[in-house]
Amino acid sequence: MASSANPISVLCIIGSCISLQLGSALAVKLFDDGGTWGTSAVRLLVAAVVLLAITRPRVHEWNRQQWAGVLGLGLSLGLMNGFFYAGIDLVPLGPAVTIEFLGPLLLAAFLSRSLRDGICVILAMTGMALLGLDAFNGNPLNPLGVAFLLGAALFWAIYILANKNAGALVPGQGGLAVAFVVGGVAMLPMGAGGAWNLVSSTDTGWFAIGTGILGSLVPYSLELIALRGLAPNVFSILISLEPVFAAFFGWLLLAQNISTLKLVAIGVVIAASVVQTVGTGGSGANGAPRSKLKKLQDVGRKVVPRRRQ
């Protein structure tokens, strides 16, 4: 892996961030027909079909421990996505992604407990305090939406640990493909009706499939290309810009205006991500993508993992 960033790799990561957040913004437009949980189920299952076709995992050869690891990964993946979608139905996309970033930031700080991670926690909490202050200035965030996003942050942290465990048990990306099936099916008890509304209509069905590919397959493919020419720490710093793209597409496609104080809060959380990453050097990546396919580096080495959808 290259130790410096080449322009093509940087453009691939930027393209990945754009595709991921554009997919999230477009998914919001499906909520009226499919609901948040139904939309989440459809997009996870679309990603599952694509990944299963690519990886063709030999599930008949898995033992009980491997199945347990993949099931845990799938449940955390599904709940992470489901809670995130429920959150962005009530909270603007930029602040929503910022709040969700608390999950991996605080997890890495807890596992490492270094001075750098202490600074990271202070910055992250400062960002959240600024969001709270902005609420008192007449720009409140929906409390239920914030609760959903904190749930998404929690399950993102659990997902990181589950991904590390499943990756050690199941070689390749076959485990992730099956995990997408598990996650999608796990959303059906809450979103079966909405999912059926989406897939039974030609217009919404194709739109759901398109946004599913845009939010999963495209970012995943671009990340694989980029990682051939980027050091892991450079990769992590670049994906820390996701809240910026989220805020932009929320403004462009969803007419979500962001106050100055919210922009400052987003910037502070991005700074926390960068602080957490600087100094990791060439520490290896564990090879597990998340876009809500995401590229995660070794959790025990203070990394910023790739975000959800």
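The chain as shown is numbered from 1 upward.
Note that Cβ sites are derived from N, Cα and C of the backbone, with glycine treated the same way.
Annotated domain 'EamA' per TrEMBL: 144-275, in sequence order.
What TrEMBL records for 282-309 is region 'Disordered'.
TrEMBL lists 37-55 (among others) with the feature transmembrane segment. Within its own chain, the transmembrane segment (37-55) has Cβ neighbours under 8 Å at 27, 30-31, 77-78, 81-82, 84-86, 172-174, 176-178, 180-181, 183-185, 187-188, 190-199, 208-209, 211-213, 215-217, 293, 309, counting only residues six or more beyond its boundaries.
Counting residues 6+ beyond its ends, the transmembrane segment (67-87) has Cβ neighbours under 8 Å at 27, 31, 36-37, 39-40, 43-44, 96, 99-100, 145-146, 148-149, 151-152, 155-156, 158-159, 162-163, 165-166, 168-170, 175-176, 178-187, 190-191, 292, 308-309 in the same chain. Summarising the annotation, TrEMBL assigns transmembrane segment to 67-87 (among others).
Here TrEMBL flags 93-111 (among others) as transmembrane segment.
Taken from TrEMBL, the feature transmembrane segment applies to 118-138 (among others).
Sequence annotations record features per position, and here TrEMBL assigns transmembrane segment to 144-162 (among others).
What TrEMBL lists as transmembrane segment is 174-199 (among others).
Taken from TrEMBL, the feature transmembrane segment covers 205-222 (among others).
The transmembrane segment annotation in TrEMBL covers 234-254 (among others).
Residues annotated as transmembrane segment in TrEMBL: 260-285 (among others).
Among residues of the same chain six or more beyond the transmembrane segment (174-199), those with a C-beta under 8 A of the stretch's C-beta atoms are 30, 33-45, 47-48, 51-52, 54-59, 66, 69-71, 73-75, 77-79, 81-82, 163, 166-167, 205, 208, 288-289, 293. Residues 21, 24-25, 28, 84, 87, 117-118, 120-121, 124, 127-128, 131, 141, 145-146, 149-150, 152-157, 160-161, 242-244, 246-251, 254, 256, 258, 262-263, 265-266, 269, 272-273, 276, 299-300, 302-305, 307-308 of the same chain sit 6 or more residues outside the transmembrane segment (93-111) yet have a Cβ under 8 Å from a Cβ within it. Residues of the domain 'EamA' (144-275) grouped by DSSP class, helix first, strand second and coil last, total 113 helix, 0 strand, 19 coil.
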